[in-house]
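Chemist: One structure, pasted below without further comment.
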Amino acid sequence: MDHFALNGGVMHAEDVPLPEIAEVVGTPVYVYSRATLERHAQVFRDALADVPDKLIAFAVKSNPNLAVLKVLGAQGMGADVVSVGEMRRALAAGIAPEMIVFSGVGKTAAEMTAALEAGIGQFNIESEEEGLELAAIAAAKGLTAQCTLRINPDVDAGTHDKISTGKADNKFGVPISEAGQIFGKLAGLPGVNLRGVAVHIGSQLADLAPLETAFEKLGALVAALRSAGHTITHVDLGGGLGVPYRMGEVLPAPAEYGAMVARVTKDWGVKLIFEPGRVIAGNAGVLLTRVVRVKRGIKDPFVIVDAAMNDLARPALYGAYHHFEAVEPSAAQMTANIVGPICETGDTFAMGRECDALEAGDLAVFRTAGAYGATMASSYNSRGFVAEVLVDGDRFAVVADRIEAGAIMDAERVPEWLL
Ligand code: LLP
């Protein structure tokens, strides 16, 4: 459930009419709903009520906006980060270092050092090589890194290839067949306390079965590691739960996920870590855009909006579907190609889409844009970076300024020898 709905024929975010935001902030602009973020955090927490010892660490990559992190931190969430930049955001939002988990295959020595110095709660080590390097850095500083070893369980999550992470040929984690041996090697090193294992098989998962298979494989590994004499106290189950992008689409509910987790892990006797991103933030945001013009097409008209693939990359990158609707719909419908102004055909949000009838100047939204939206923006075509707004009841605030193309140009230099 989200808080974007028609009220008196005008779409609102909570109690704020979207045309008011467009008027004050301009378009395109991402609009987030605080009540929706809080509700999703609560639903996820409630779903895991039967898991006694846990940390829910929001996947910062899905929406790293400081105000969003502040809202979720106040809900008791920690942070799953994949760079020092994300770690600094989580800390700046007031999330305690011990509630921060650092994932990612390419942590640099500088990043590992910074994270050790910040005292983060957990490193998810993705390779033997990384473990050796982290141990050396920590030992040299007289510190101990709290770690899990990320396992690649070789499970097909059944999602888009580009967001699948748990198949044997994906770059993530160590092969489950080698996990025991690598764990043994790293566990004895000074500088690391290797206390568990981690897994994350992919994103926008529409089926719980592959997750359950991965978790069962992990459970068997935990038992094997314990038999080999290791102490296992922590297991990180990653994120991945999908959300509905189409109206009426039904995905596994957090409660079903929670019940499955509680069932599979009931005898593990560990603290569980979760890294949800999309399920928290996805439907808590829309991308508000204005129609620049409607151009006749050979078949369907082109509705050209002022948002583009640089603002919302998912349709161009993954062929992703985002529901598109008018902010002030009439009863009329149209079939249209919805495109942005960027000079490549990839800048297409939808072809032959049945949608509300729109004319030049009308406002519209792309829904489910709160996760992997603004965070993946670029300045392609020198369009600048899109602004972000957070709504709370009947008030709203700009939580990320629009960075105009001129400001980006100001950061560029022409060397003297070209003048
Ligand atoms: N943990 C790890 C280690 C991850 O790699 C990810 C996402 C998550 C947690 C959060 O997954 P979620 O709960 O959000 O599914 N840009 C793509 C999604 C990439 C996901 C990358 N990893 C998209 O727009 O669909």
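Backbone N, Cα and C define each Cβ position, glycine as well.
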Chemist: Check TrEMBL: it lists GLY240, GLU275, PRO276, GLY277, ARG278 as binding pyridoxal 5'-phosphate. Then name which of TYR321, TYR372, TYR380 it lists for that same site.
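Modeler: TrEMBL names TYR372 for this pyridoxal 5'-phosphate site.
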Chemist: Can you tell me which of these recorded positions sit near ligand 1, meaning the Cβ is under 6 Å from at least one of its atoms: PRO276, ARG278, CYS343, GLU344?
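Modeler: Listed by sequence, the hits are PRO276, ARG278.
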Chemist: Let me make sure I understand the span of the pyridoxal 5'-phosphate site: among GLY240, GLU275, PRO276, GLY277, ARG278, TYR372, what is the greatest distance between any two Cα atoms, in Å?
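Modeler: This binding site's residues have a maximal Cα-Cα distance of 15 Å.
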Chemist: Other than GLY240, GLU275, PRO276, GLY277, ARG278, TYR372, which residues of the same chain sit close to pyridoxal 5'-phosphate? List them in sequence order, counting a residue when its Cβ is within 8 Å of the Cβ centroid of the site.
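Modeler: Apart from GLY240, GLU275, PRO276, GLY277, ARG278, TYR372, the close residues are ALA59, SER62, SER203, GLY239, LEU241, VAL279, ILE280, ALA281, ALA371.
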Chemist: Fill in the CA-CA distance, GLY240 (pyridoxal 5'-phosphate binding site) to LYS61 (N6-(pyridoxal phosphate)lysine), as an integer in Å.
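Modeler: About 13 Å separate the Cα atoms of these two residues.
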Chemist: Just counting, how many other CB atoms are there within 10 A of the CB of ARG314 (substrate binding site)?
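Modeler: There are 23 such Cβ atoms around ARG314 (substrate binding site).
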